[in-house]
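Q: Before I ask anything, here is the structure I am working with.
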Amino acid sequence: MIKLHDKFFKPFISAKQIDDALQRMATEIADDLGDIVPMFIGILNGSFMVVSDFVKKYPKPCEVTFIKLASYEGVKSTEDIQRLIGLTQDLTGRTVIILEDIIDTGNTLAEVHRIFKNENVKSLKIATLFYKPEAYKKDFKLHYVGIEIPNKFIVGYGLDYDGLGRNLPEVYQIKQTQHMTNLVLFGPPGAGKGTQAEFLKEKYNLVHISTGDVFRFNIKNETALGMLAKSYIDKGELVPDQVTIDMLNAEVEKNADAKGFIFDGFPRTNAQAEALEKLMDSKDSQINAMIALEVEDEILVQRLLGRGKTSGRADDANESIIRNRITEYYNKTAILKEYYSAQDKYFGVDGVGSIEDITERLSAVIDKL
Ligand code: IMP
Ligand code: MG
């Protein structure tokens, strides 16, 4: 991963893939042109790397020149294209091949066609290393395309983000979500996860996602996913992981600008941990740590019985149900300790003490991530 100005980018296309694509293009163009000596025209600034590497692979005589246009601001294409350096030689009767680094909206290409309308060239062909079909809004033919890419901003190999990144020999793609701190808050029922999550989300500007709350919200509001979840719950069955993951995905997407998330109540199994990893990966992010509040069983039972008196939650009222939940927790979910330990992401924190002390202990872990 690299950072340019305020944004993070991940490796996307290797130098080797670029080299192969240019080789294919050079061979194909040379075959098509036969004995014609083409005039290759690079569009500056972005195309300087493409042109330089491409012409070294071109197996026959050719001429090379540049024009300079600019249409990009930050990470967005603009309609307003400036012609900074125009054509300097007579191209009458020539076969011209435009060499582009990337074709995005096609605005730059429209300008190129405008420039060549009065040049009396024999033929004008377009070759581009990268092409974003989803972004392209014109219908000029693209004669040679190296690599089609999704409509996401890239840098490297001549392409820049506000001036930086042109020198990179490979191509990087912008990360969908920028740098986030994602925590799994873990601990048996009554450990104080909910209480601590409230403090941590304020302190670190994180979004707290409690699967229990998400379920209750979706069911109460009768969302499609809520109704689906309810159909399992009503039958006394576990909600399939995919339904839960889809709900979490919706929560994560609702908060795309978040600095990170606190997951509470999920994952509970290895399969769920893997599903969560995949979900975060699809957002170009990851789980940074599992933080577990460690509290002795007897203290948990007392706390939950106390909570049951005021919360009205049926599962907090009965001691044998409480003990079951605690046992169930250790049987089923403590294996996650191994899962995250194996990735050096498990942090146990003493969950007995004042709320402030425990928040302090949790913060000490988070600050070191
Ligand atoms: P178009 O005019 O929208 O087709 O965009 C063409 C120009 O925008 C290119 O020559 C680049 O300078 C710039 N551009 C388009 N997409 C990207 C990108 O993903 N990264 C960096 N520059 C880009
Ligand atoms: Mg360009």
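Residue numbering: from 1, along the chain as shown.
Just so you know, glycine gets a Cβ as well, placed from its N, Cα and C.
Feature annotation from TrEMBL assigns ATP binding site to Gly190, Ala191, Gly192, Lys193, Gly194, Thr195, Arg307, Gly353. Look at TrEMBL and you will find Thr211, Arg216, Glu237, Leu238, Val239, Gly265, Phe266, Pro267, Arg268, Gln272, Arg313, Arg325 tagged as AMP binding site. According to TrEMBL, the domain 'Phosphoribosyltransferase' annotation covers 15-161. According to TrEMBL, the feature region 'NMP' maps to 210-239.
Have a look at these and tell me how they're positioned relative to everything else.
A: DSSP assigns Gly192 (ATP binding site) to coil in the three-state reduction, placing it in neither a helix nor a strand.
Annotation note: Glu237 (AMP binding site) sits in a coil segment as assigned by DSSP. When Cβ atoms from all protein chains are considered, those within 10 Å of Glu237 (AMP binding site) total 9, not counting its own.
With DSSP states grouped into helix (H, G, I), strand (E, B) and coil, the domain 'Phosphoribosyltransferase' (15-161) comes out at 39 helix, 55 strand, 53 coil.
Across the region 'NMP' (210-239), mean pLDDT in this model comes to 90.
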Q: Gly194 (ATP binding site) to Arg313 (AMP binding site): how many Å between their Cα atoms?
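A: It is 15 Å, counting Cα to Cα.
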Q: Fewest other Cβ atoms within 10 Å: which of the binding-site residues Gly194, Gly353 wins that one? Let me know.
A: Gly353
Q: Could you check the binding-site residues Gly190, Gly192 and say which one's CB has the most other CB atoms within 10 Å?
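A: For the binding-site residues Gly190, Gly192, the Cβ with the most other Cβ atoms within 10 Å is Gly190.
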Q: Between Thr195, Thr211, which of the binding-site residues has its C-beta surrounded by the fewest other C-beta atoms within 10 Å?
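A: Across Thr195, Thr211, these binding-site residues, the one with fewest Cβ atoms within 10 Å is Thr195.
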Q: Can you count the other CB atoms that lie within 10 A of the CB of Val239 (AMP binding site)?
A: 17
Q: Where Thr211 (AMP binding site) and Lys193 (ATP binding site) are concerned, what is their Cα separation in Å, rounded?
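A: One finds 12 Å between the Cα atoms of these residues.
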Q: Test of understanding: give the count of other CB atoms lying within 10 angstroms of the CB of Phe266 (AMP binding site).
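A: By my count, 22.
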